[in-house]
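**Student:** Below are the features I grabbed from TrEMBL:
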type	residues	note
ACT_SITE	B:ASP52	active site, nucleophile
BINDING	B:TYR111	substrate binding site
DOMAIN	B:9-104	domain 'Pseudouridine synthase I TruA alpha/beta'
DOMAIN	B:144-246	domain 'Pseudouridine synthase I TruA alpha/beta'
Protein chains: 2
Amino acid sequence: MTRFALTLEFDGAPFMGLQRQAHGPSVQQAVEDAALAVTGEAATMHAAGRTDAGVHALGMRAHLDIAKPFTPFRLMEALNARLRPAPVAVLSCEAVDDDWHARFSCTGRAYVYRIANRRAPLTLERGKAWQVTKPLDAAAMHRAAQALVGRHDFTTFRSVHCQAASPLKTLDRLAVRREGDMVLIEAEARSFLHHQVRSMVGCLALVGMGRWAEGQVAAALAARDRQMLGLNAPPDGLYFVRAVYPGE
Amino acid sequence: MTRFALTLEFDGAPFMGLQRQAHGPSVQQAVEDAALAVTGEAATMHAAGRTDAGVHALGMRAHLDIAKPFTPFRLMEALNARLRPAPVAVLSCEAVDDDWHARFSCTGRAYVYRIANRRAPLTLERGKAWQVTKPLDAAAMHRAAQALVGRHDFTTFRSVHCQAASPLKTLDRLAVRREGDMVLIEAEARSFLHHQVRSMVGCLALVGMGRWAEGQVAAALAARDRQMLGLNAPPDGLYFVRAVYPGE
């Protein structure tokens, strides 16, 4: 058995999410089906994050255990050939130690959320960003975001379906900046609760529109009450950017 | 009658091209149908460029003559509402003088061509860039491109379907640069022949792959012979970026 670490890029639009599900296509199923076709083996894919339906990835990390001998390059090429036409690509592949685990060895995760802040409907960016027509004050959003950085009980920003044992998480970075008509929100933590990034982005957007005072973000956090969540941002704008591992 | 100048953004993938055609959907038809629904008038759209099937636009300019009174903002909003779900958006709209013509008043056109230079299949960029798997030397492409700048007979780089009276054109700028795994080619001229940008990009890509010596681009130009064209790049990577008008 060789453990292969993969870096995956995917367009989340056609998937019910990363994780295999009974009721529709998933990124996991696409990769496992490709691996079965290539190797003849039923391998289970483990990934650094379990992204929701419609959420994209620029650099998701995952692993597969394969018995048949492959060079990493040949396996990558074969998986990519079999993944077509699904919008999932293996960007890199390497053989790793058996104790390297895409999910459990991961010590950091980074997301970016893209808001297209414009009146005109999206064309080339459709499904790739959240369109907010009201002008956003990115500087106010950035200031308000700093109340969320650090170790907190993020119950307010957690989906009711979240399976994490504890709502306590340490948010290392939450930065908001404008690039033309795009407002970009970068979030970094060891791990996130289910819907945490989208929930934080939704509340920051309310601040950006002027519907929430900057201090309301801190108040919502302190309330530890999902009812205090102003808005959950849609999945279209969310990208899993990278996973961090010790020694990489 | 008021003449309204429009700035259009569109994803070219679902269209047979910008210009109205008998055998399939076009950007012109989408805009004219929206205008008819909004105004009750059958207006003809004129555009700065006639992009091919699959070619995109970030800032195409066009105009429509409308008799019914509209503020530019109201017309833009109504057109955008009617254009859905077609991936065409009106980014700006203004009332202009009757002698302003989107095509004939235009004194400059700029395109960008995006090459995704990587082995892995495209996912989020599918249809939005040309994938070239062989490593490209962008600096060599840029040097070779300079032979095309200036006033030349571009017969080699012209589609057999080109309707221009003369193959003589003045290319003002052709610049190649790399940004990560993207190679970007920017082209500027008063006007271009049919397929000129894609034909120039195709030959530059051959230089970038090392299949053509840098000097072969100049030789192909001097030959004034379509048979000397090495490669016509696909439409997916081509974007009409902007049109220039006197006094703007």
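The backbone N, Cα and C atoms fix where each Cβ goes, glycine too.
How about a rundown of where these features are and what they're close to?
**Tutor:** Under the DSSP three-state reduction, B:ASP52 (active site, nucleophile) is assigned to strand.
Long-range Cβ proximity for B:TYR111 (substrate binding site), meaning a same-chain Cβ under 8 A and a gap of 6 or more residues, is found for B:GLU186, B:ALA187, B:GLU188, B:PHE192, B:VAL197, B:LEU238, B:TYR239, B:PHE240, B:VAL241. Classification of B:TYR111 (substrate binding site) by DSSP places it within a strand.
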**Student:** Counting across all protein chains shown, how many other Cβ atoms sit within 10 Å of the Cβ of B:ASP52 (active site, nucleophile)?
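**Tutor:** Within a 10 Å radius of the Cβ of B:ASP52 (active site, nucleophile) lie 19 other Cβ atoms.
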**Student:** Taking helix as H, G and I and strand as E and B in DSSP, count the residues of the domain 'Pseudouridine synthase I TruA alpha/beta' (B:144-246) in helix, strand and coil.
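**Tutor:** Once the DSSP states are binned, the domain 'Pseudouridine synthase I TruA alpha/beta' (B:144-246) shows 37 helix, 31 strand, 35 coil.
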**Student:** Averaging the per-residue pLDDT over the domain 'Pseudouridine synthase I TruA alpha/beta' (B:9-104), what integer do you get?
**Tutor:** 96
**Student:** Where DSSP helix means H, G or I and strand means E or B, what are the helix, strand and coil counts for the domain 'Pseudouridine synthase I TruA alpha/beta' (B:9-104)?
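**Tutor:** In the domain 'Pseudouridine synthase I TruA alpha/beta' (B:9-104), the DSSP-based counts are 25 helix, 28 strand, 43 coil.
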